[in-house]
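Student: Pulled from TrEMBL, these are the listed features:
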COMPBIAS  203-238  compositional bias 'Basic and acidic residues'
REGION    200-238  region 'Disordered'
TRANSMEM  12-40  transmembrane segment
TRANSMEM  73-91  transmembrane segment
TRANSMEM  103-121  transmembrane segment
TRANSMEM  128-146  transmembrane segment
TRANSMEM  158-178  transmembrane segment
TRANSMEM  253-273  transmembrane segment
TRANSMEM  293-315  transmembrane segment
TRANSMEM  336-361  transmembrane segment
TRANSMEM  367-385  transmembrane segment
TRANSMEM  397-416  transmembrane segment
TRANSMEM  428-452  transmembrane segment
Amino acid sequence: MFGFPGSGAKSYYWLTLLSGLVESLFFSGMAFGWASLVFVLKVDGYFAGYCVNTTRDSDPAVYIDCMGQDEQFSLVMCVALITNTLIRFPIGCVFDHFGTTATRLISIILYTTGALFITLLNEDTVILLYPAMSCLIISGTILHITNAQLLHERGVSLYLSFLFLTSCSSILLLRTFFLMPRGHIPYPLPESYTYGVRCPGSKKKENNETEEMKEQKDLEKTQKDQQTDGAKPEHEPKNEEVASFRSCVLSWLFLWHLVWVITILFCQFIFLSNVNPMLNRLANDDQTLVSHYTNAFALTQLCSVLFAPVSGVIMDRHKKRPLASGETRREADLNSSCLSLFLTSLQCFLFCVCFTCPVLPLQYFTFVLQVINSSFFFGGHQAFISIAFPMSHFGKISGIAMSLSALGLVFQVPILHLIQHQLHGDPLYVNVAVTLLSLLALIHPIHVRLYCKKLKKQRTPTTPEANEQLLNMEPFQFSQL
């Protein structure tokens with residue numbers, strides 16, 4: 001939490017926090033509302049040309065086979081997810097180099113473009129769905145999409161829905177310029193740090209308070225220096241050095257985190273790409289039943305705001321206890337993150353087990369596990385990057401992890417083709433393989449735990465030589481590949 005001087009600045013902080021929560025609800029998580037949007041697009045007849053008349057061997061009656069339509073929608077989602085992950089590294093570089101405002105402006109442009117493309121959709125321009133979904137998933141929107149199906153059933157067209165969303169981009173612009181920092185947030189954070197547009201009166205008042213605090217700290221520092229003058233330690237700790245970006249991405253810590261990211265994202269996105277065909281198959285194409293389960297899935301996505309803070313509470317549970325002798329804050333944070341990483345990996349495995357079982361009522365539990373796992377994952381990923389690596393590389397490291405995960409997501413394309421054409425729409429064997437693959441995610445928390453034990457062993461020297469090595473140890477040391 002940022003420490004602002006003055007009650008006005010504290011109110012400003014809470015306004016930023018609450019507006020961020022509203023922004024997340026309205027404009028993030030587009031991928032998790034895909035099932036509802038697909039239902040609406042199917043009803044409106046998009047990609048209907050891929051449906052064909054066919055017969056079964058056991059039944060001479062003619063029925064409509066829409067496996068080709070399902071494949072097109074799955075491909076739209078797959079392309080959008082791959083594009084989303086590929087662009088993360090360039091966006092991270094923009095964030096590290098230009099700061100918050102420039103990054104948010106890019107997101108707003110993408111969001112507005114994607115929403116406009118949706119308003120232009122018809123049977124002749126359905127190809128626009130590919131760039132539209134890519135833009136919207138990168139920028140994000142959840143609340144509208146999870147309610148898109150309900151609005152459609154009440155007579156609100158997709159055109160009007162996304163025309164309204166396009167106009168909402170003005171909200172993002174206002175928050176970008178009035179409630180967000182223009183550049184980077186400094187690290188470590190100064191006590192007098194503020195951001196956004198401030199009233200001249202409050203700024204003058206806070207400047208006076210800042211000057212008083214500075215004078216008080218200077219006085220305390222002078223008194224402390226006088227008391228400790230001449231009593232300098234025999235060994236001076238080495239000045240803090242920031243590890244290079246190359247050394248960070250070539251470390252085992254980053255490698256296993258990358259495996260963790262790829263594994264969980266792959267499991268999540270395989271499910272999201274196939275959730276609508278899966279519900280149709282398990283419900284025997286009963287559209288009333290499919291609509292019911294799609295609405296249930298959409299509503300569970302809104303519960304992410306309830307589960308997301310739990311991961312943070314688990315990671316911060318150690319904050320009130322004092323550090324052990326020689327223990328750094330980074331080491332304590334890393335050690336505390338192991339439990340959250342393990343729970344996220346376990347949730348992913350259980351989630352895969354549930355969606356592998358071809359039992360329709362069980363999918364309620366699948367939906368709950370999916371939203372819990374995604375909440376833990378996205379918060380845990382960013383938190384771990386900020387803990388394990390220097391903040392000066394935060395955008396680049398977070399971005400390159402997501403961009404490299406696109407290499408794994410590319411395999412979705414042949415897998416979707418395999419399900420539709422070789423397995424005749426039954427993903428059971430693929431789901432079993434994905435469930436076994438999800439066990440790879442458990443390696444990461446185990447490695448972090450072993451890494452923390454290694455750090456603990458290094459800070460308990462038994463010889464003068466080991467003590468000298470400990471005192472001169474760099475703050476960010478990684479085992480290289």
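Even glycines carry a Cβ here, placed using N, Cα and C.
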Student: Considering only the recorded stretches 103-121, 336-361, 367-385, state which has the highest number of Cβ pairs under 8 Å to the transmembrane segment (428-452).
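Tutor: The stretch I would name here is 336-361.
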Student: With the transmembrane segment (253-273) as the reference, find which of 73-91, 293-315, 397-416 contributes the most Cβ pairs under 8 Å.
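Tutor: Result: 397-416.
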Student: Restricting to the same chain and to residues at least six past its boundaries, which positions have a Cβ under 8 Å from a Cβ of the transmembrane segment (367-385)?
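Tutor: Beyond its ends, the transmembrane segment (367-385) has Cβ neighbours at 32, 257, 261, 264-265, 268, 271, 296-297, 300-301, 303-304, 307-308, 310-312, 315, 337, 340-341, 343-344, 347-348, 350-351, 354-355, 394, 397-398, 401.
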Student: Between the transmembrane segment (73-91) and the transmembrane segment (397-416), do 3 or more CB pairs sit under 8 angstroms, pairs being 6 or more residues apart?
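Tutor: Yes, the transmembrane segment (397-416) and the transmembrane segment (73-91) are in contact.
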Student: Which residues of the same chain, at least 6 past either end of the transmembrane segment (73-91), have a Cβ under 8 Å from a Cβ in it?
Tutor: 31, 34, 38, 41-42, 47, 103, 106, 129-130, 133-134, 136-138, 265, 269, 272-274, 276-277, 395-396, 398-403, 405-406, 409-410, 412-413, 416, 420
